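Engineer: I'd like to ask some things about the structure below.
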Amino acid sequence: MSQPTVAELGELELLKRLQPFCESALIGDDAAVLPPRSQATVITTDMLVDGVHFSDRTTPPQAIGWRAIAANLSDLAAMGSVPTEITVGLALPGHTPVHWVEQVYEGMAACLRQYGGKIVGGDVVRSPQPVIAITALGTVAPQRVIRRDRAQPGQVILATGWHGASRAGLELLLQPDLQTPLSASDRQTFIQAHQYPVPRLDIVELFDALEDDEFGAIAGMDSSDGLANAVLWLCQASGVGAQLMRSRLPLPQAFTPWLSDATALDWCLYGGEDFELVLCLPAEIALELLPVLGSQASIIGTVAASPEVLLMDDVGDRSPLTLTWESCFQHF
């Protein structure tokens, strides 16, 4: 028996199906009313569009829901915030199976159960293609907000985890019969990185040990659009440059027998969707964080006074490579 579509079910019945995923005390009116809070509120919005951010070839519906939430929670983590509430805007063709929608919400709910936050409202409309728009709210003490414009010359640049893993997972999903030297475990790790990324809210917990006045010397953002993109944004916002060390880039070890040096470097710098954090901070703070973050984290370079962002070959004789916006992902 075929599953009903959203057009066959109707809007009112679809909303009833989605109500169990929401905070019951805060839905049912024209808007959600949130209680007053003592901390600052952080708000972020991300959209996922079918054919741009996901496809049936690479992303099952539950993973779509997970990724939609994780992308927003990653932005909150980059600000030093913890998640509190979520709203979901959903645009769908009428022929979309109801089961597909429910699975998307199952993925959202699974991510929220693990990392915090609750759905307090949203909207559903007809559209030629599926679009998911998430707005996430979080809280943070005003004096502990992390911003992009605080990088200072002499600081180190810390990447909290591997870069290129999500791009590797995408490649494996697009070419399921691709012959590689990867172990089954490595293949699954890369696919998991693409379909179920981990927002680094654990970093926010680690920052609890810092004093309030130390946050004025920390700049950061998430790397959802790629490692190079994050470093360029941080440098532009702060009016500084950077020197990255090629040997310290956070590449998965499994890339070495599989990819050429050029491909591995491209995926690491420009692959995107790794949802790690990139932080510019004093070396002493970075060195305290590294043992807790584990082997995937790395100090990848230093902040410089000159405006160029350079990739230095610290173990070979290759000339420095200037990183520019032209190689980074941009929608337009």
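Cβ coordinates are placed from backbone N, Cα and C, and glycine is handled just like the others.
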Engineer: Which of HIS53, HIS95 shares the substrate site with GLU273, PHE329 per TrEMBL?
Structural biologist: HIS53
Engineer: Which are the residues of the chain, THR45, ASP46, ASP123 excluded, whose CB is within 8 A of where the CB atoms of the Mg(2+) 1 site average out, their centroid?
Structural biologist: MET47, ASN72, THR87, VAL88, GLY89, ILE132, ALA133, ILE134, THR135
Engineer: TYR105, PHE329: which of these binding-site residues has the highest Cβ count within 10 Å of its own Cβ?
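Structural biologist: The most densely surrounded of these binding-site residues is TYR105.
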Engineer: Nearest to ARG148 (ATP binding site) by Cα, among ASP30, THR44, HIS53, PHE329 (binding-site residues)?
Structural biologist: THR44
Engineer: Near the Cβ of ASP225 (Mg(2+) 5 binding site), how many other Cβ atoms are there if near means within 10 Å?
Structural biologist: 20
Engineer: State the Cα to Cα distance, in Å, between ASP46 (Mg(2+) 1 binding site) and HIS53 (substrate binding site), rounded to an integer.
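Structural biologist: Spelling it out, the Cα of ASP46 (Mg(2+) 1 binding site) and the Cα of HIS53 (substrate binding site) are 11 Å apart.
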Engineer: I'd like to know which of the binding-site residues HIS53, GLU273, PHE329 sit within 10 A of ASP225 (Mg(2+) 5 binding site) at the Cα level.
Structural biologist: GLU273, PHE329
